[in-house]
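Below: one structure, written as structure tokens.
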There are 2 protein chains.
Amino acid sequence: MKARNPGEKLHLNLFVMGNGHHRAAWRHPDSCAERLGDIAYYESLARIAERGKLDALFFADGMSVGSVEDGFHWHLEPLTALSAMSRATRRIGLISTISSTFYTPFHAARLVGSLDHISGGRVGWNVVTSMFDSEARNHGYAAMPPHAERYARAEEFVQTVLALWDSWSDDAIERDRQGRYADPDKVRQIDHHGEHFLVDGPLNLPRPPQGNPVLVQAGASSQGRDLAARYAEAIYAVAYDLEAAQAYYRDIKSRVAAAGRTAPVPILPGLVTYVGSTMEEARAKQRELDDCLPVEASLRQLGLFIEQDCSGWDLDAPVPSLPPLAEFRGPQGRYATILRIVETEQPTLRELLGRLAAGGGHCTMIGTPESIADEMERWFHGRGADGFNLMPPSLPSGIEDFVDQVVPELQRRGLFREEYEAATLRGHFGLERPAG
Amino acid sequence: MKARNPGEKLHLNLFVMGNGHHRAAWRHPDSCAERLGDIAYYESLARIAERGKLDALFFADGMSVGSVEDGFHWHLEPLTALSAMSRATRRIGLISTISSTFYTPFHAARLVGSLDHISGGRVGWNVVTSMFDSEARNHGYAAMPPHAERYARAEEFVQTVLALWDSWSDDAIERDRQGRYADPDKVRQIDHHGEHFLVDGPLNLPRPPQGNPVLVQAGASSQGRDLAARYAEAIYAVAYDLEAAQAYYRDIKSRVAAAGRTAPVPILPGLVTYVGSTMEEARAKQRELDDCLPVEASLRQLGLFIEQDCSGWDLDAPVPSLPPLAEFRGPQGRYATILRIVETEQPTLRELLGRLAAGGGHCTMIGTPESIADEMERWFHGRGADGFNLMPPSLPSGIEDFVDQVVPELQRRGLFREEYEAATLRGHFGLERPAG
């Protein structure tokens, strides 16, 4: 395993999510459940993250409403929210999810490009293809197009957006008050007539400050990993433990190399943290959120995941042993995660419900700033991660804990920047500005 | 003609446009041509307009690049720009154009709804169907769909957006920490399966603060006027003089009444103003901008409009008489405007080029604050206008002149508010919040 270069540092994003990534976070008496539509709340999260010198804020996004009764997190539309948040901050990056299945490339190029101008080059675009029929049925499809078709469209979508951002040369604008505003030879049509899109161009917006806003992806399937390897400049990942993270990391880095690319392409697994000045305090924070879970509904949901009736199980006894994966006939991914948690952590039933309610299959670190920094360092040096996409179980307290306690410990170890050294998201991620 | 109610006041919007509505404004030595991508520039315009207690800021929008050499105004994408501008202001409304031909209703409902949440209920949506093949060819169409088809789509689009905004009842959210986040019976699918759109809903955003963000339209064709009469809550108009304004005003108000609506539906013609402390000073400001026009290119363009070679004409002599409209075989609208200007203003050729370069067929008022207020009052009491969509020939100076000189004169006459009385755009326009 190649050692890290001296001075090489972690990259940290804040994954912005309602009142936090624990499904019951909004139920906590101190939660900001009243502020999910209040832009000042999101701005305050952004300022906390910037105080911690984080690389970027990240909004996931979906196109439909789930259950509004329990684990529901609605949020403002990411692009409009991030525009406001850009004015409440100066350096931190701003990453929005946009679905290639539901937007047109021209809208995506323009919205993201405009936000890059507004923020002075701090924008990233997380390319997703979306998953659910309920989303498709809000945008004219009777059902979600098949996986392969979505990815074929996504690739053409990305190519078209890149071409639109490049449709103005950096030096197109002359602003000669006695002559021309711009050189028409440097503002070119792209004449894209592909299988999924017809886009003549040029974009009605000069080249974004970053050239291309940063492309982010979270490829899990083989097709997704290939798309990420060819285009992504930073990658979000799901890894339950270091071993899983290392396998994903190796696979992606080799695909990136095979695609002939030399860019760093940082890989950032999701990370749920409970931080306390002692392990007991950290555990108590976790328990406090877990105790907010409505037990009956959670048991019902677990019952669906494992296809057993667990309503009679003892909440404070260890989870009974479960049939092996090979014998399970329902959806495999979630069941595998549950088996993994039960085997490695030997949780009580109550603890299992809590773990599933907060970032499920994502890595969870519980402890002191020192023990969490140890663990993050192990992932970093063990090449399971180039950084993390922070998923605080509750917001704002979870990101305050991280920024005020873990970040200084990482800085003390030389693992994280003490000040921003760049003004753009590309700069934070160590990416070159493309020549165009 | 029905007299105005005592206390009835004008509504004023600022039509935000690059360096101003005069095509040569960017060429002026003092112009902000360097700041077209600088959000702080737009924020400063917003603050000036809010200092003047204007009802709203308005962004027009298009989906393609015109000539980048001469009269080119690019601007930031309106929704992202307005989100930032909302945080630089407290009361002024924020109206974005969105094309029903190129967006999906779900995106439009969500983006506009999100901005309404962010701004605390200050948003309006100017519904357009777009016009140019160059725009269509950036969004997958080989050419612009026919007019009738665009309007049929627009109507279904508006209905769908309204249904999505209504998909959450005002009292859907319970936020009961021991119970439910929201009442699932009050978050309903819309199940819209129409000719142009399939949208199940509900929207993934609670009802906007205004219930419905304000619908704005600018119907010119008969189909456009009908759409406006059925749905618009404020209307932008093009009227060269009071007579034309009155004809349009009467027609729209009777169509609104025929549609069974009692809402006020303010009609706001575009208005270009040159303000000076004397008429000479106002004329000098106009001349200063007109002198920035590149003469050859302007003559070439005029030649295309009137289908004559005018390159040999004397710039400082009156425009030669032109053939009547009936004998003209090119596009009628612009030619009619040119005839009208030549007949009523007897301009020199240089003056005509200037008039065409600044708001062409829109009303232009040149003079002192008093004379302009007189004229606006005449339009208001003569029921040609319920207010105006201000199109300053140069920005920011043109809106500063208006806010600092004309607004106080209107206020002195009781024709314009001295303070905001409402917190929402609906409130500024005197519109009720729909019950949903």
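Glycine too: its Cβ is placed from the backbone N, Cα and C atoms.
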Pick from A:Asp55, A:Asp61, A:Asp183, A:Asp185: which one does TrEMBL list with A:Thr97, A:His147, A:Tyr151, A:Ser221 for the same FMN site?
A:Asp61
Fewest other Cβ atoms within 10 Å: which of the binding-site residues A:Thr97, A:Ser221 wins that one? Let me know.
A:Ser221
What residues, ordered by sequence, lie under 8 A Cβ-to-Cβ from A:Tyr151 (FMN binding site) and sit at least six positions away in the same chain?
A:Thr129, A:Gln223, A:Gly224, A:Leu227
State which of the following binding-site residues has the fewest other Cβ atoms within 10 Å around its Cβ: A:Asp61, A:His147.
A:His147
What kind of secondary structure is A:Thr97 (FMN binding site) part of, going by DSSP in three states?
strand
Let me know the DSSP-derived helix, strand or coil state of A:Tyr151 (FMN binding site), please.
helix
